[in-house]
Amino acid sequence: MRSDAVKKGIERAPHRALFKAMGYTDEELERPLIGVVNSRNEIVPGHIHLDKIAEAVKAGIRMAGGTPVEFGAIGVCDGIAMGHTGMKYSLATRELIADSCEAMALAHSFDGMVFIPNCDKIVPGMLMAAARINVPAIVVSGGPMLSLRHNDKNLDLNSVFEAVGAYKAGKMTEKEVWEYEEKACPGCGSCSGMFTANSMNCLTEVLGMGLPGNGTVPAVYAERIRLAKKAGMKIVELVEKDIKPSDILTPKAFENALAVDMALGCSTNSVLHLPAIANEVGMEINLDIINEISSKVPNLCKLAPAGHHHVQDLYAAGGIPAVMKELSKKNLLHLDLITVTGKTVRENIENAKVRDYEVIRSIDNPYSPTGGIAVLRGNLAPDGAVVKRSAVAPEMLVHKGPARVFDSEDAAIEAIYNGKINKGDVVIIRYEGPKGGPGMREMLSPTSAIAGMGLDKDVALITDGRFSGATRGASIGHVSPEAMAGGPIAIVRDGDIISIDIPNGKLDVEIPDSEIQKRLKEWKAPAPKITKGYLGRYAKLVSSANKGAILENK
């Protein structure tokens with residue numbers, strides 16, 4: 001066993017003495033040592049209950065003959081960090097989580113790992129760690145929050161963000177906003193739509209790193225506890241068979257994940273995270289691959305924010321296995337890949353079926369013949385930009401309008417709330433990329449303000465930052481190269497006409513190439529906003545969004 005390095009032989013008597021100081025017995029030290037990474041904390045609703053998940057995982061490990069060793073991981077709540085300096089830290093914590101899990105796992109020679117995440121950056125951070133460490137591993141997430149019905153509307157966190165915009169526009173009273181605040185998040189779990197957390201939890205299942213049900217079983221259901229116990233039992237089997245992440249996270253597994261991503265209409269953040277996870281196993285996923293898969297995989301689901309269904313509805317309709325079963329009917333998935341069940345994808349979905357075709361469309365009756373995410377290119381985004389096509393109003397799929405340029409999210413929010421944005425405008429928020437932010441903040445506050453004020457069918461927003469999975473509307477992010485790196489978005493001026501053509505994958509500023517080159521020569525990078533601490537180091541090392549915003553060894 002790998003753990004023999006810390007527990008076998010006379011030379012390891014001091015090591016065993018330290019284990020015994022914590023109450024471990026000789027019998028426990030004879031068994032496989034399984035690291036259990038628990039990201040439970042009291043600031044993230046999706047993580048407040050993870051102690052119960054961890055206890056179930058540890059029970060499963062013991063039942064199967066292993067010895068669990070629990071340790072903690074950090075986790076930021078993107079919702080609470082939203083709209084202020086705190087959001088600069090969110091994406092950056094993905095790397096901190098991966099690095100800290102790597103350090104703990106390799107420092108203590110665990111035989112296997114169980115990762116317990118739930119929310120936005122914790123899931124990909126732990127998947128990156130699993131891939132990098134490459135000992136047998138399984139992910140068991142905390143599960144989605146329920147959506148509560150209020151006044152004939154299914155609420156979620158995004159409902160509250162949009163309510164603030166509606167209040168600013170005089171369309172809701174303060175009391176009505178308060179009622180949303182009281183009802184929108186009824187308990188523990190990852191926010192209830194197909195936002196980033198649930199997107200990544202579902203894709204974990206598709207990649208083969210989580211058990212069937214990992215993405216959709218609600219947080220408060222007893223089935224989630226049973227799933228955690230099964231994950232604990234399964235990791236011991238994976239250790240015995242030495243099935244590692246490198247056996248599971250193959251190029252075909254990532255193609256499956258991208259296909260289901262398109263079918264579900266996942267968060268655009270998945271386009272940041274899947275390349276970063278792939279990078280850990282030496283693979284490259286670029287925007288061209290994403291576009292190719294999007295062009296042939298139909299969109300089968302319109303979950304919030306694209307529609308009114310939530311993840312609990314997807315669960316009731318058959319979950320991720322049912323979606324995969326539909327895609328398999330047109331040979332859009334690789335079915336002979338090994339997963340953490342010890343079985344193949346084909347075996348995992350063999351008995352799956354759609355129970356509600358209102359939630360999961362038939363492969364022959366999709367919402368659209370192409371996927372939920374589109375990659376755009378043009379002179380405004382030579383290296384690409386990303387939009388959640390499934391959440392864009394039909395009238396905004398093709399749009400031209402004058403640029404309204406802001407050099408920070410804060411300035412844009414102020415202008416939107418003060419009624420300074422007009423129908424037809426294209427709001428550009430720049431210097432919010434991985435380097436420029438630094439940290440590539442999510443723009444949920446401005447997009448929700450636009451939607452809440454009733455402008456989501458008239459106003460587009462373009463940024464080198466990124467968007468929450470809860471964002472809807474013509475919200476185009478990840479513009480690469482970013483402004484801080486001298487990308488063309490840095491030289492756009494107020495009044496320049498911006499041309500958006502999502503069906504044809506185009507994003508341009510309508511000025512001559514000679515003028516673009518002239519402005520680029522005159523441009524000078526502004527001083528970095530943050531130079532100290534972790535974000536200062538992060539800004540120096542982070543790559544462009546089109547590469548997954550990974551840290552590069554320079």
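Backbone N, Cα and C atoms are what each Cβ position is placed from, and that goes for glycine too.
On a predicted model such as this, the values are computed, not experimentally measured, just so you know.
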Swiss-Prot Mg(2+) site partner of Asp78, Asp120, Lys121, selected from Glu414, Glu432, Glu442: Glu442
Glu442 (Mg(2+) binding site) CB neighbourhood, other CB atoms within 10 A: 31
Which same-chain residues, if any, lie at least 6 apart from Cys119 ([2Fe-2S] cluster binding site) yet have Cβ under 8 Å of it: Val44, Gly46, His47, Gly75, Cys77, Asp78, Ser190, Ala197
Rounded Cα-Cα span from Asp120 (Mg(2+) binding site) to Cys191 ([2Fe-2S] cluster binding site), Å: 10
DSSP state at Glu442 (Mg(2+) binding site), helix/strand/coil: strand
Surrounding CB atoms that lie within 10 Å of the CB of Cys191 ([2Fe-2S] cluster binding site), all protein chains: 30
Additional residues surrounding Mg(2+), by Cβ distance to the Asp78, Asp120, Lys121, Glu442 centre under 8 Å: Val76, Ala81, Met87, Ser90, Leu91, Cys119, Thr196, Ala197, Asn269, Ser468
Listed binding-site residues among Asp120, Lys121, Glu442 whose Cα sits within 10 Å of Ser468 (active site, proton acceptor): Asp120, Glu442
Among Asp78, Asp120, which are binding-site residues, the residue with the most C-beta atoms within 10 angstroms of its C-beta: Asp120
